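The domain 'CP-type G' annotation in TrEMBL covers 67-232. Per TrEMBL, domain 'EngC GTPase' is recorded for 76-230. According to TrEMBL, the GTP binding site annotation covers Thr116, Lys117, Arg118, Asp119, Gly174, Gln175, Ser176, Gly177, Val178, Gly179, Lys180, Ser181, Ser182. Under the heading Zn(2+) binding site, TrEMBL lists Cys256, Cys261, His263, Cys269.
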Amino acid sequence: MPAGLIVKALSGYYYVLPEEAAGVESVQCRARGVFKKRGISPLVGDRVQFELTENGEGTVTEVLPRTSELIRPPVANVDQAVLVFSIDEPALNLPLLDKFLVHTESAGLDTIIALTKRDLIERQEGEAEAVDLGPVVELYESIGYPMFVTSAKEGIGVEDVLAKLAGRISVFAGQSGVGKSSLLNAMVPGLSLETNAISMKLGRGKHTTRHVELIRLQNGGLVADTPGFSQLDFLQVEAEGLGGCFREFLPYAEECRFRGCLHLHEPDCRVQSAQEEGLISASRYNNYLQFLQEIRDKKRRY
Ligand SMILES: Nc1nc2c(ncn2[C@@H]2O[C@H](COP(=O)(O)OP(=O)(O)OP(=O)(O)O)[C@@H](O)[C@H]2O)c(=O)[nH]1
Ligand SMILES: [Zn+2]
């Protein structure tokens, strides 16, 4: 029985890409009736077993165990997030980047960061709000997040991001207008995801009626065509778990006097002292404090 991967789900059909034959078309399949009875609903990203039927279609007979299950977008077995942030238009938003990193850490995803619109840097030079990218790249790389400086417009850095997607199922996330679709279009010849100026998209979310689909890359990687969590999503972690989502805190947190230390005002908190000694970035630590406050405020409200 052939095995494959669901790359698209639409109107009761599942489109299964056979595992064995690279480059072949996906097979249009129905799911076996028993799934409904067992309360299983196959998801895009699921590894399945299927049988070919006489009309050239197929039947999904088994859904193999999932390693993960994202809700937004609804995709199984995602193992990597690509956080997309523009250097300008909209301006680089590092607090939001840190918030997205909390999301991806709590979801257990590997994460890479793509900074976009590099071509806008020159124009910025000399201006007060110009970003100095060197320290930013150095900081996030030192924490363990590969960071790429790209321009879809000028084809810079696109291949480097593409190479990191090989053999994995990835989801892109980032604010509206940062260039997620443009970056994907630059990686996939022939793909033409809709790209637009921000102003045209402020109405209804354009993704609400769309069905998620996995885009196949030449290197075997798969990418969801619908972005992941957004800036409007609440952090799903508890206050006690937040510090664990800041990877670089971990070795210091082990040395805090109290177990469950929130690294706030506790005595003998090694995370606080590491921050004072410059071993932990002040901007990351301040964003940590900000998120901690948000989590507590939310709890109070409900
Ligand atoms: N200068 C410059 N502009 C870019 C670049 N990449 C994208 N843009 C522009 O940024 C705008 C938004 O690009 P999109 O690719 O639609 O952004 P998105 O993140 O997919 O936006 P949503 O679909 O709203 O989430 C468009 O006007 C693009 O032309 C780039 O590398 N350089
Ligand atoms: Zn502490």
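Each residue, glycine too, has its Cβ placed from N, Cα and C.
No curator has checked TrEMBL annotations; they are predicted automatically.
Since we're looking at a predicted model, the values are computed, not measured.
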Can you tell me the mean pLDDT for the domain 'EngC GTPase' (76-230)?
88
Looking at the binding-site residues Arg118, Lys180, which sits with the largest number of other Cβ atoms within 10 Å of its Cβ?
Lys180
DSSP output for Lys180 (GTP binding site) maps to helix
Just report the maximum Cα pair distance in Å for the recorded GTP binders Thr116, Lys117, Arg118, Asp119, Gly174, Gln175, Ser176, Gly177, Val178, Gly179, Lys180, Ser181, Ser182, no decimals.
19
Within 8 Å of the Cβ centroid of Cys256, Cys261, His263, Cys269, the other same-chain residues by Cβ around the recorded Zn(2+) site are Gly243, Tyr252, Ala253, Arg257, Phe258, Leu262, Leu264, Glu266, Asp268, Arg270, Val271, Gln272
When the Cα of Lys180 (GTP binding site) is compared with the Cα of each of the binding-site residues Cys256, Cys261, His263, Cys269, which one is closest?
His263
Close to ligand 2, in the sense of Cβ under 6 Å, among Val178, Ser182, His263, Cys269 as binding-site residues, are His263, Cys269
Note: in the chain of Cys261 (Zn(2+) binding site), residues six or more apart in sequence with C-beta under 8 angstroms of its C-beta are Gly243, Ala253, Cys269, Val271
Taking Arg118, Val178, Lys180, Cys256, His263, Cys269 as the binding-site residues, the residues having C-beta under 6 A from ligand 1 are Val178, Lys180
Three-class DSSP assignment, Gly174 (GTP binding site), comes back as coil
Residue pair His263 (Zn(2+) binding site), Gly174 (GTP binding site) - Cα distance, angstrom, rounded
28
